[in-house]
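Read through the structure below, which is laid out as structure tokens, and then see the notes.
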Amino acid sequence: MLFPTEFDVIVVGGGHAGTEAALASARMGAKTLLLTHNIETLGQMSCNPSIGGIGKGHLVKEVDALGGAMAAATDESGIQFRILNSSKGPAVRATRAQADRILYKAAIRHRLENQPNLWLFQQAVDDLMVEGDRVVGAVTQIGIRFRARAVVLTAGTFLDGKIHVGLNNYTGGRAGDPAAVSLSSRLKELKLPQGRLKTGTPPRIDGRSIDFSQLTEQPGDLDPVPVFSFLGRAEQHPQQLPCWVTHTNERTHDIIRGGLDRSPMYTGVIEGVGPRYCPSIEDKIHRFASKESHQIFLEPEGLTTNEFYPNGISTSLPFDVQLELVHSMRGLENAHILRPGYAIEYDYFDPRALKASLETKAINGLFFAGQINGTTGYEEAAAQGLLAGLNAGRYVQEKDAWCPRRDQAYLGVLVDDLVTRGVAEPYRMFTSRAEYRLSLREDNADMRLTEIGRELGLVDDTRWDAFSRKRDAVSRETERLKSTWVTPKTLPPEEATALLGKAIDHEYSLAELLRRPGISYDGVCGLKGGECGPAEPLADDPVLLEQIKEQVEIGIKYQGYIERQASEIERNDANENTRLPDGIDYREVRGLSFEVSQKLNEFRPETIGQASRISGVTPAAISLLMVHLKRRGLGRRNGTAEAATEQGDGAVPTQQ
């Protein structure tokens, strides 16, 4: 039957990509339908019970700055919070939280059920409705046809998923859930380039059978307790719990080696490539054969369960080997396994077949987000989901897509890497992937993106008000520190010595003093008995106050580095956003090698910047392209004044 209501956007899948996509589309005013095979698993944390980490936490902050749900849901469900790399520079500091799985799902579902313009429906999708070169809807397993002008597909590991435990395997999207076999077959009919990837998860352990007296406790940060959302408060956090640390040993490694002849990875049963940066314990023992021990973190799954997640022993070994290797580790000698670990193989589609908006090049109105694009991780999925949902909404509103640049957001780095370079293995985000990471910090994600999010219709009044107060206070306080001076006469030598190590010998602005190593904002403001502080409080809210102080201090201390990076961005931007015509035949570009013209015709980059990042495309080839465009008057720059006004300063529109 044809469902009587026609929607603007259909989102298929209710994981981290799908939930953010549905919320973003609905926030923009698009009539949105979220189709999921099981409403009870909306926002399910299928693997580890944690959010954030190096690079990943940056993505979560960016999703939050654009009005997304992941950070706020983590604040409501997080049972341990830590700042990683806290002793290092601000560019690589990252927030990580352990989350209660049940509370996290509840927080996400609450937002979905209370979001205007969003409908939920429980049915697996078996088919897409395609007319010519555009998608027009989706068909469920019982034949209900839902019509829409755009579809966002966020199928996770469900596309033709196959679960492996030892040499046994069966179809499944994850443990306890069916695979999407019919939908996978339908997508293959559409001739979209695809492949197989693999990921895995460890066995789960009953905490009542763990001897914690033999383990090392790892508490969260308490002074201060971190929060994830820019609107978050530590008071929102539920009860906090520690994690625990144990280690593998030589006996563990011998047990694993003895089981490799029954490992699906090492017997060729699994063909998909696994994640390099989240390897199975089999991979670790094989790749790092000289290493005598590996650290294993025992992470609590929640406040109302005894289940623990042993981070570091993801495996697809036979269950008897899993049991033996767990029992070989200190504190786990009598551990009871609640669920076996497993590996899962699934279909993904080459992201080079996508536009930077995450719309497929072959089928208008069809967007992909999450693991279907070859990524791994909740955070990468959520970021893609938000972008795909946003651009699906803009597509039905007949507006240009918004595609963040590499110098603008980690989301921009993520998408640009995917659509220009593709993936040979599951892609995860690291700060090292961003060439402008000093400008792309966690602490300034809102400064970079919230104003754009407001222009796009993603940011509500509450967030906008808090952001505006913070932005204005940072600007005022920075200028005050630059224009407030102390002299040898006005600053007593003993005060100067206590703060700076010696008396000052000439006039300094407070900003110049703050720029010195080891000097803090509070230290500078405390000079002259506190007279160097602001005349009025920067904010009534203590959390907002700390954010303002952090922004001011980082902005002043790293001003020179940030300005140099801004100059570099400006230089590199000269041709970055010059568009390449849709119909160009690169064989006609004089001087291009056969290899380069073949790659350009195959991958169809949208801009000169994307073309330059395709493997094998040389700077000389880019110069020839620029000459060709100028000779024929084909090239045009993205980012007209009209587009910038409509989408927020710094947005890069791309033609649908």
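Cβ coordinates are placed from backbone N, Cα and C, and glycine is handled just like the others.
Noted in Swiss-Prot for the protein shown:
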type    : residues                                 : note
BINDING : GLY13, GLY14, GLY15, HIS16, ALA17, GLY18 : FAD binding site
BINDING : 274-288                                  : NAD(+) binding site
REGION  : 636-656                                  : region 'Disordered'
In angstrom units, rounded to an integer, how far apart are the Cα atoms of GLY14 (FAD binding site) and GLY274 (NAD(+) binding site)?
23
Please list, in sequence order, every residue of the chain apart from GLY13, GLY14, GLY15, HIS16, ALA17, GLY18 whose Cβ lies within 8 Å of the Cβ centroid of the FAD site.
VAL11, THR19, GLU20, ALA21, THR36, GLY43, THR154, GLY156, ALA369, GLY370, ALA381, GLY385
Cα distance, CYS278 (NAD(+) binding site) to ALA17 (FAD binding site), nearest Å?
20
Indicate whether LYS284 (NAD(+) binding site) is helix, strand or coil by DSSP.
helix
Ten-angstrom check, please: count other Cβ atoms within 10 Å of the Cβ of GLY18 (FAD binding site), all chains counted.
30
Spatially closest candidate among ARG276, CYS278, GLU282, PHE288, the listed binding-site residues, to HIS16 (FAD binding site) (Cα to Cα):
CYS278
Counting all other Cβ atoms within 10 Å across every protein chain shown, which of the binding-site residues ALA17, HIS286 scores highest?
ALA17
With ARG276 (NAD(+) binding site) as the reference Cα, tell me which of the binding-site residues GLY13, GLY15, GLY18 is the closest one.
GLY15
Of all the binding-site residues given, namely GLY274, GLU282, HIS286, which is spatially nearest to GLY15 (FAD binding site) at the Cα level?
GLY274
Using C-alpha positions only, work out which of the binding-site residues CYS278, SER280, LYS284, HIS286 is nearest to GLY18 (FAD binding site).
CYS278
Please report how many Å separate the Cα atom of GLY13 (FAD binding site) from that of SER280 (NAD(+) binding site), as a whole number.
26
Who sits close to GLU282 (NAD(+) binding site): which same-chain residues at least 6 apart have their Cβ under 8 Å from its Cβ?
ILE256, LEU260, SER263, MET265, TYR266, THR315, SER316, LEU317
